[in-house]
């Protein structure tokens with residue numbers, strides 16, 4: 001029966017086991033124990049084809065686990081003294097890229113959305129992409145409308161690809177059936193399913209390959225390269241004449257096809273482009289591009305030594321962050337996967353299960369792949385290309401008159417006098433989507449809003465206008481009802497509805 005052999009990803013040590021320090025010996029023992037447990041899981045899959053697929057998946061997980069053990073054994077940490085801001089030629093200003101009406105390379109493009117996440121943080125069941133965000137349309141609806149319009153307007157066939165996780169796959173496949181009559185080719189594939197690891201024993205928590213779903217996890221979007229290849233979809237796209245893929249998070253409503261960036265990719269010969277944008281105080285945790293020993297790299301906050309976290313958050317030293325809008329050459333993906341060149345930094349995600357068990361999830365970020373591709377560089381794009389909806393505060397903005405909607409694409413209302421987006425902080429009463437929706441008769445008008453903070457039990461009537469800085473605080477046990485037609489400009493509204501000039 002097929003199984004993982006000791007050579008399958010075992011970290012190479014130039015010494016015999018007896019000369020390793022205790023940490024190294026512990027790592028070797030942990031690797032052996034993990035291999036035994038993975039082989040036990042593999043042996044439980046009876047169908048031969050399913051077993052081959054599962055063995056391949058567990059083999060990739062074993063490689064990742066061993067890389068993490070090797071890093072831990074060596075105490076591998078980034079050398080902060082070697083971390084530098086990227087030189088100017090590694091980050092191209094968006095304004096320097098010629099604008100084009102139509103790219104001759106559009107028919108060589110595919111669009112891929114990372115669709116592995118659930119809407120649980122916003123109080124929704126199922127894929128996050130199924131949350132309604134504007135005019136009754138979901139994230140998926142907006143993306144499909146964009147690509148459908150692009151295909152029709154430019155007479156091209158840009159396929160729309162969804163990378164699902166085991167958490168989102170069934171429901172997403174059911175949802176996309178409604179687009180069957182649309183002018184769009186929708187393709188899906190699944191990212192890997194890896195076993196959670198008990199933090200103490202360093203053994204996999206699942207006892208059976210089809211056991212409790214909570215024992216498994218999708219290993220971050222860095223899994224895209226391997227999964228796209230393993231699914232057969234990478235070969236299919238290349239055979240269909242596709243050469244480039246535009247990747248973005250499904251909840252980033254600003255991630256639209258930009259034909260100027262596509263042209264720049266082709267003309268510069270870049271195999272990998274990362275869209276970055278200027279950092280604000282709201283983005284201090286976002287990954288950033290750095291120069292490390294003369295090589296462009298993505299640096300995530302999880303990789304930063306604790307004593308340098310404040311440096312990492314500094315807007316002065318690290319002025320840009322990764323939007324996760326990525327343009328990648330498909331044949332280059334094929335090369336780095338088949339040649340086993342990929343060595344993405346391992347991100348350890350500590351979790352506690354519902355039963356109280358402490359587990360770790362080993363994950364990778366797709367942007368970390370930038371170091372493996374030729375002529376890879378960043379493009380510093382306008383903030384408008386980064387419009388994520390991570391919370392109901394973000395939802396408040398995209399449902400408002402701050403944005404207009406055309407062919408599924410959101411753009412800043414030209415009546416907005418400022419280039420910046422208002423800072424909005426909604427309290428726990430607004431945290432879940434359903435609760436959020438019941439607190440607004442319709443979205444307030446916010447074209448002149450700078451800052452809004454709302455906490456406590458607050459409801460808004462229809463056609464409320466908010467301008468400048470508005471702070472509304474309902475104390476415990478109090479309720480504030482903002483009447484329909486109210487105009488609040490630079491006001492603080494307290495629990496007794498006494499309105500003060502601010």
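Along the chain as shown, the residues are counted starting at 1.
Quick reminder: no glycine exception, Cβ is built from N, Cα and C everywhere.
Feature annotation from TrEMBL assigns UTP binding site to 128, 191, 220, 251, 390. If you look up TrEMBL, you'll see 221 marked as substrate binding site.
Neighbour count (other Cβ atoms within 10 Å of the Cβ, all protein chains): 22 for residue 251 (UTP binding site). A distance of 8 Å separates the Cα atom of the residue listed as 'substrate binding site' from that of residue 191 (UTP binding site). Taking the Cβ of residue 220 (UTP binding site) as reference, residues of its chain lying under 8 Å away and at least six apart in sequence are, in sequence order, 347, 363, 364, 365, 366. Neighbour density for residue 128 (UTP binding site): within 10 A of its CB lie 24 other CB atoms from the protein chains shown.
Site extent for UTP: the farthest pair of Cα atoms among 128, 191, 220, 251, 390 sits 21 Å apart. The binding-site residues examined here are 221, 390; by Cβ neighbour count within 10 Å, the least packed of them is 390.
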